[in-house]
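**Student:** Sending over a structure as structure tokens; questions will come in a sec.
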Amino acid sequence: MDDHRVFFLCLCLMIAHSDTVEESQEPLSWMENLETMSRSRNGTSLRGLIRGLECSLLNTSFEGKNLTLQTHSIQTLAFKLGCDFTGLALSSATLERVPQASVPHAMQFPAELTQNACRTRPRELRLICIYFFTDYFFQSINSSLLNNYVLGAQLSHGHVNNLSEPINISFWHNRSLEGYTATCVFWKEGASKDHWGVWSPEGCRTEQPSPSQVLCRCNHLSYFAVLMQLSPAPIPAELLAPLTYISLVGCSISVVASLLTILLHFQARKQGDSTTHIHMNLHASVLLLNVAFLLSPVLARAGAACTALAAILHFALLSCLTWMAIEGFNLYLLLVRVYNIYIRRYMLKLCAVGWGVPALLVLLLLVDQNSVYGPHTIPLFDSRGNGTGFQNNSICWVRSPWVHNILVMGYGGLTSLFNLVVLAWALRAVRRLRAQEKVPGTRACRDSVTVLGLTMLLGTTWALAFFSFGVFLLPQLFLFTIFNSLYGFFLFLWFCSQRCRSEAEVEAEMEAFSSSQTMP
């Protein structure tokens with residue numbers, strides 16, 4: 001009788017073990033299906049297959065504390081976690097080698113990972129890691145990934161985000177990153193019309209502890225990779241601090257100067273002509289541009305707030321460039337037409353162009369592609385060659401290369417070209433007028449001030465942006481930063497000079513009138 005009981009118990013254990021083996025083989029079949037799809041380049045149901053693999057790993061049964069499965073280019077790991085979780089470090093050096101994985105990688109999870117899940121529903125948790133050593137399943141527009149590695153992780157019972165202690169994902173490589181910007185990104189589902197997701201840097205910080213390692217510090221779980229983007233003119237890392245300091249000081253001075261100019265204009269309580277109103281609109285756009293720029297690095301990791309600020313910053317820049325072009329157009333009318341320059345509802349039409357056109361362009365971009373704005377990584381490189389302590393900085397800005405090329409560089413280039421032509425025309429007109437006078441040398445100083453004022457008023461210093469290459473890079477960085485961060489201050493000086501000039505002319509007219517009245 002005892003022999004029958006022992007035989008029956010052994011039979012039950014064998015059946016249970018067989019069921020466990022069969023369940024553990026289910027994720028492997030999902031992985032093989034994905035492998036088959038990648039070889040046949042059949043792009044149907046990528047999202048469904050990956051979701052199926054995730055669900056299978058979260059629900060499969062296995063003996064022990066962990067399970068490891070792998071195919072030619074996919075590796076999966078599953079871990080049983082308790083509420084006493086103290087952290088987990090995974091390295092490719094301690095795992096079975098995948099044929100497609102030629103360089104090492106690692107992931108480190110903090111103890112905070114399970115706190116929220118254990119607080120709401122204390123039970124055994126499941127952490128799964130899925131490593132893809134091909135970028136076929138996560139293709140996006142013009143995206144190139146370091147090593148073609150995508151490392152993902154997911155915790156059962158809810159999403160994990162906003163961690164105070166980040167998850168560290170290390171990517172080692174054996175290639176030179178010079179000329180490239182390496183950015184840590186995660187796969188954001190549903191953010192693209194053409195693919196099942198896009199790469200986004202939100203919630204991730206990029207560091208390069210050594211020349212052969214990129215370290216990603218992210219505050220959430222997802223699929224992670226290092227996005228490689230061409231950067232033909234990266235900024236030397238050691239110049240970031242002085243350039244940042246110059247920008248902060250210059251933009252702060254410009255904010256104060258623009259505010260003071262607008263307040264002085266309203267304090268004068270004069271109706272003013274169209275030229276004065278154009279100046280004030282330019283000051284308002286410069287004020288908005290400087291304020292948005294100062295806030296941009298602060299909100300670079302703020303998600304939706306960063307996207308909104310990036311759109312505002314782009315709108316402010318386009319408005320500023322448009323009002324510069326309007327200044328040039330108005331100067332052209334004053335120099336060429338001189339008389340009969342009345343245009344019905346002139347200021348209303350100019351405001352529709354100066355504020356309406358930039359707003360329309362930004363709104364169209366937001367409607368068509370909501371991922372065009374967000375955190376933008378400033379490309380840096382270590383010119384000293386040691387590669388230590390190096391990390392990229394981020395600001396809220398335009399993320400799409402084609403939008404940057406067309407609606408930043410192209411828009412600014414056309415504005416600068418138009419205003420340079422107007423400036424040359426204005427200088428020619430001033431020279432012709434002075435040549436007709438008997439004593440042309442007496443007003444040389446005033447003419448020099450006028451030329452400098454017109455140069456700043458028309459924003460021709462923004463043309464320095466097109467000299468960021470070769471031997472021009474270093475002087476261009478400092479000249480562009482100094483002149484354009486202080487642009488609002490230069491406009492304030494022009495406003496003060498014009499105001500003093502008009503007051504002097506009024507006093508001269510009053511003196512001439514009073515002297516004519518006193519003559520017998």
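Heads up, the Cβ atoms here are built off N, Cα and C, so glycines get one too.
Whatever TrEMBL says is automated annotation, not expert-curated.
TrEMBL feature annotations, pasted as is:
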SIGNAL    1-18  signal peptide
DOMAIN    75-234  domain 'GAIN-B'
TRANSMEM  243-266  transmembrane segment
DOMAIN    243-499  domain 'G-protein coupled receptors family 2 profile 2'
TRANSMEM  278-300  transmembrane segment
TRANSMEM  312-335  transmembrane segment
TRANSMEM  347-367  transmembrane segment
TRANSMEM  406-427  transmembrane segment
TRANSMEM  448-471  transmembrane segment
TRANSMEM  477-496  transmembrane segment
**Student:** Which one of these stretches, 243-266, 312-335, 347-367, 406-427, 477-496, has the most C-beta pairs shorter than 8 Å to the transmembrane segment (278-300)?
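**Tutor:** Selected stretch: 312-335, with the most Cβ pairs under 8 Å.
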**Student:** Would you say the transmembrane segment (243-266) and the transmembrane segment (477-496) are touching, if the rule is that at least three C-beta pairs must lie under 8 angstroms and be 6 or more residues apart?
**Tutor:** yes
**Student:** Between the transmembrane segment (406-427) and the transmembrane segment (312-335), are there three or more C-beta pairs closer than 8 Å, counting only pairs 6 or more apart along the chain?
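**Tutor:** Contact criterion met.
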